[in-house]
Amino acid sequence: MKLPGQEEFDVSSAYENVPTGELVSGPGSGPSSDGSSDTDSRELGVPKDPLLFIQLNELLGWPEALKWRETGRWVLFEEKLEVGAGRWSAPHVPTLALPSLQQLRSLLAEGLVLLDCPAQSLLELVEQVTRLESLSLELRGQLQSLLLQRPQHLIQTTSTRPCWRSADPRQAFHDEEAPLKEQCQNPLRQKLPPGAEAGAVLAGELGFLAQPLGAFVRLQDPVVLGSLIEVPLPSRFFCLFLGPPTLGRSYHEMGRAVAILLSDPQFQWSARRASNLHDLLAALDAFLEDVIVLPPHRWDPTARMPPPKCLPSQHKRLPSQMREVKDLSARRGAPAEDKHGHPPHAPSPELRRTGRLFGGLVQDVRRKASWYPSDFLDALHPQCFSAVLYIYLATITNAITFGGLLGEATDGAQGVLESFLGTAVAGAAFCLMAGQPLTILSSTGPVLVFERLLFSFSRDYSLDYLPFRLWVGIWVATFCLVLVATEASVLGPGSPAYGCFCQYPDSGGNESQWIRTKPKDSDDIISMDLGLVNASLLPPPECARRGGRPRGPGCHTVPDIALFSLLLFLTSFLFAMALKHVKTSRFFPSMMRKVLSDFSSVLAILLGCGLDAFLGLATPKLMVPREFKPTLPGRGWLVSPFGANPWWLSVAAALPALLLSILIFMDQQITAVILNRIEYRLRKGAGFHLDLFCVAMLMLLTSVLGLPWYVSTTVISLAHMDSLRRESRACAPGEAPSFLGIR
């Protein structure tokens with residue numbers, strides 16, 4: 001039913017003047033745990049609806065003293081009021097009894113339905129809701145005074161004591177439309193995004209009513225209804241369900257039912273665009289068709305299901321109007337999708353060929369120059385300080401590991417001190433000059449394998465290792481400069497033409513066929529191979545060499561030291577994981593939880609070192625040299641170009657350098673492509689050519705100084721990016737924060 005003069009809402013004409021750019025999201029545009037709803041909305045191409053906050057106010061105290069109290073609220077999941085504890089329950093998946101939905105449908109079919117109601121205040125809204133022929137003037141006045149009574153809210157303030165805000169007994173009406181102070185200070189406002197709207201549901205038993213009263217109102221323009229809602233949001237929907245006392249809590253369950261309906265993205269999308277009662281009931285019937293019924297005596301109705309980690313796709317629940325809008329968006333020039341429903345692959349702008357020598361490098365330098373000052377300003381955030389400590393610990397442990405392995409592989413020609421110095425020089429220079437400073441340079445397993453083979457070759461043929469290695473590094477730098485000049489990164493990982501051929505069994509399982517994989521799959525396959533190479537280089541358990549304990553003919557470990565080292569590892573690991581999950585717990589203030597989560601690794605390492613120092617057991621320690629000099633006695637920091645090697649070896653070094661250049665190019669480009677994927681939402685662009693140029697220059701520098709070679713490492717770089725994740729603060733209760741990008 002509608003008021004006289006109220007215009008019909010035509011769904012088909014609602015999108016005639018909608019620009020194509022606005023057709024980006026739809027009924028799933030509300031918050032989701034994994035962002036799948038937003039993705040579905042963009043694929044649907046339907047208008048984006050604001051987030052809806054639903055509140056249930058229940059009428060209590062009949063027949064002594066009637067009062068309204070907020071007993072439930074919904075954003076994405078349900079929260080119930082725990083009156084005895086004075087707090088809200090944990091967000092959970094709502095469950096409904098099927099009779100409540102059936103009673104709701106009957107009451108809506110016989111009740112008052114106002115679509116696009118022009119009310120501009122709570123008083124006008126109440127007057128239109130109570131304008132029924134079946135109500136007498138006296139009964140209408142009692143209803144109006146009851147509906148205008150200020151409800152009682154439980155507002156969680158920053159203090160430990162909850163704030164109950166209720167009506168003054170001497171004041172029956174609240175004509176003021178300004179929000180209360182407690183509403184403006186409600187912490188729930190921070191969890192709701194800008195532009196959010198509200199829906200108010202009022203339900204309860206009223207003894208002086210002879211028959212049930214139901215009303216569903218959609219306001220033409222959202223209006224802030226004073227203190228009706230616990231947060232000062234403009235209200236879009238208003239639902240009222242009152243009636244004489246009955247057995248059970250039928251009106252309470254009907255109020256929960258309509259609140260759950262409005263929290264459903266598909267029903268809310270249809271309710272916003274319904275033109276009459278028939279459309280509203282059709283949306284309710286569509287909801288009932290997808291309802292899953294749990295059999296009685298197999299499920300506890302009081303059990304609360306926790307929110308799922310990810311929400312399923314809602315493609316199967318599309319109303320016919322959504323399909324029409326999707327077709328309209330396709331006719332207006334929306335990009336075509338492939339057979340799997342994915343948009344066409346667009347090449348990165350940094351990987352477009354210019355056709356000039358060093359053209360890609362020049363573009364990377366120009367792009368980097370515009371963002372260079374902001375790199376230092378953005379690093380002043382406290383989150384970057386925790387990332388600095390975390391990456392420092394990650395790189396120093398990597399330098400210790402590979403420095404020890406390199407010292408054993410080269411008989412002391414390079415050791416831990418060279419690894420420390422090379423990591424500091426190469427890492428600092430790369431981060432200051434490269435196009436993507438989020439990338440971390442470090443020693444990698446494939447390069448270590450090449451160093452070991454190069455040293456074995458030099459020893460077998462009585463060659464001077466460091467001069468031979470110097471010429472290999474010079475040739476590698478030359479080859480990399482040629483790759484930068486010819487823009488070879490365009491043909492490397494990340495380009496549309498790039499892919500790898502993988503062999504898979506056919507459907508019969510007998511023969512094999514070669515198929516071309518997508519670039520992202522190729523990067524994952526090769527990075528997995530590099531990770532396996534690094535894992536294969538882990539040293540065996542260290543033999544006991546201290547404490548005066550005799551060594552037997554075989555390698556063995558000291559039992560107490562080995563057990564204590566294992567306990568230290570487990571303690572540090574479990575403590576770090578516990579601090580990491582403090583961010584989503586209910587303990588401590590939010591700022592302290594965030595600090596403990598950001599510095600979890602640092603605090604765990606400090607705890608482990610403190611326990612080791614307190615107990616005083618002889619656990620393995622890093623032996624740092626007291627003097628700053630090369631590990632190999634008798635050599636300086638500058639490597640002689642020839643040494644004892646013949647002159648022609650400088651030319652022959654080009655052959656192994658060619659193999660190492662291919663390895664470095666693939667390792668560097670794959671790491672760069674993985675870090676610059678579109679899902680990380682980086683704002684400052686990539687620098688594939690500039691990064692490779694910096695690696696070439698650092699290869700030349702480290703070869704001259706006799707330091708280890710360095711290239712981008714995937715694992716530490718991804719850990720660096722993960723420590724700089726930005727997450728939204730506005731998230732529904734029970735919903736994981738959404739990913740905003742990398743700081």
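Even glycines carry a Cβ here, placed using N, Cα and C.
Given the structure is predicted, the values throughout are model-derived calculations rather than measurements.
Listed in TrEMBL:
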| type | residues | note |
| --- | --- | --- |
| COMPBIAS | 323-341 | compositional bias 'Basic and acidic residues' |
| DOMAIN | 52-159 | domain 'Band 3 cytoplasmic' |
| DOMAIN | 177-301 | domain 'Band 3 cytoplasmic' |
| DOMAIN | 356-491 | domain 'Bicarbonate transporter-like transmembrane' |
| DOMAIN | 538-743 | domain 'Bicarbonate transporter-like transmembrane' |
| REGION | 1-43 | region 'Disordered' |
| REGION | 304-353 | region 'Disordered' |
| TRANSMEM | 387-406 | transmembrane segment |
| TRANSMEM | 470-491 | transmembrane segment |
| TRANSMEM | 561-579 | transmembrane segment |
| TRANSMEM | 599-618 | transmembrane segment |
| TRANSMEM | 647-666 | transmembrane segment |
| TRANSMEM | 687-711 | transmembrane segment |
Tally of residues which DSSP labels helix, strand or coil - the domain 'Bicarbonate transporter-like transmembrane' (356-491): 107 helix, 2 strand, 27 coil
Highest-contact recorded stretch vs the transmembrane segment (687-711), from 470-491, 561-579, 599-618, 647-666, CB pairs under 8 Å: 470-491
Whether the domain 'Band 3 cytoplasmic' (177-301) meets the domain 'Bicarbonate transporter-like transmembrane' (356-491): three or more C-beta pairs under 8 angstroms: no
Outside the transmembrane segment (599-618), six or more residues from its ends: residues with CB under 8 Å to it: 386, 389-390, 393, 546-547, 560-561, 564, 568-569, 571-573, 575-577, 579-580, 582
Folded-back contacts onto the transmembrane segment (470-491), same chain, C-beta under 8 angstroms, at least six residues removed: 351-354, 357-361, 454, 497-498, 639, 641, 649-650, 653-654, 656-658, 660-661, 664-665, 669, 688-689, 692-693, 695-697, 699-700, 702-704, 706, 709
For the domain 'Band 3 cytoplasmic' (177-301), the number of residues DSSP places in helix, strand and coil: 45 helix, 29 strand, 51 coil
